[in-house]
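The following features are taken from Swiss-Prot:
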- Gly34, Pro35, Asn36, Gly37, Ala38, Gly39, Lys40, Ser41: ATP binding site (BINDING)
- 2-238: domain 'ABC transporter' (DOMAIN)
Amino acid sequence: MLRVENLSIRRGGKTVLEGLELELRPGEMLGVLGPNGAGKSTLLGALCGELEPAEGLVLLDERGLDDWPGVARAQRLAVLPQSSSLGFAFPVEAVVGFGRLPHSSGRERDVQIVAEALAAADASHLAGRSYLALSGGERQRVHLARVLAQLWPGEPGQVLLLDEPTSALDPLHQHTTLQAVHDFARRGASVLVILHDLNLAARYCDRLLLLQNGRPHLLGTPEEVLRPEPLRAVFGLEVLVQRHPERGHPLIVAR
């Protein structure tokens, strides 16, 4: 479990994230929403230890991130940044296999996990190809498989952080990707995902954090957060909110 207490981040003498209290629960998928510059990627940088808090704490299983040895932390915490690039023609299986480096599970088990992670990311058909020959969306799915393999099969105490994992994907694979992440959370891992698409967030996330100007504006269920008033206040967007006729979650339509 990952817990944040009174978190503030300063960059270049400016406070870019302030006053955040957050707990990622086992088995939960939490979405982070907000306009450009709201502090979403800054939050992810703080949660993975890349950015040092000016105030507050980030605790992984009640221990500060710096108190974890590198390998032990990598066995519990995986991060998919907004963009991941490799300049070498590694086979797809090797790229996904990088996620197994913190583990000592043996080659046979690692090969099995790589195959299972590729299947979960709907990328099994990419096996055997060179990473450099893939499209942007295919590369994004391979990197998703890599971070899934790092924590596979997912269990309480593990945390997966994803920064816009659907940004390069077509509509079908936006859904298959978020369904894979949702299924991974249901195995017990805690998942935080940064998204821009409000309807995808409504469909797949258990709770949503709405950020505005580096501060939390609202934290709650999709039904609590995705209402006309908060969306107008944060995005300046006039919307209609309806109930999905089949699934029951909020359905947002711009006026």
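Glycine too: its Cβ is placed from the backbone N, Cα and C atoms.
From a predicted model like this one, the values you see are computed outputs, not experimental measurements.
Same-chain residues with CB within 8 A of the center of the Gly34, Pro35, Asn36, Gly37, Ala38, Gly39, Lys40, Ser41 CB atoms, the ATP site residues themselves not counted, are Thr42, Leu211. Sorting the binding-site residues Pro35, Gly39 by the number of other Cβ atoms within 10 Å puts Gly39 first.
Fewest other C-beta atoms within 10 angstroms, among the binding-site residues Gly34, Gly37, are seen around Gly37.
Here the binding-site residues are Asn36, Ser41; the one with the fewest Cβ atoms within 10 Å of its Cβ is Asn36. Non-local contacts of Lys40 (ATP binding site) by the CB criterion (under 8 A, 6+ apart in sequence, same chain) comprise Val32, Leu33, Gly34, Asp163, Ile194, Leu211.
Cβ-based neighbour count (10 Å, all protein chains) for Ala38 (ATP binding site) stands at 22.
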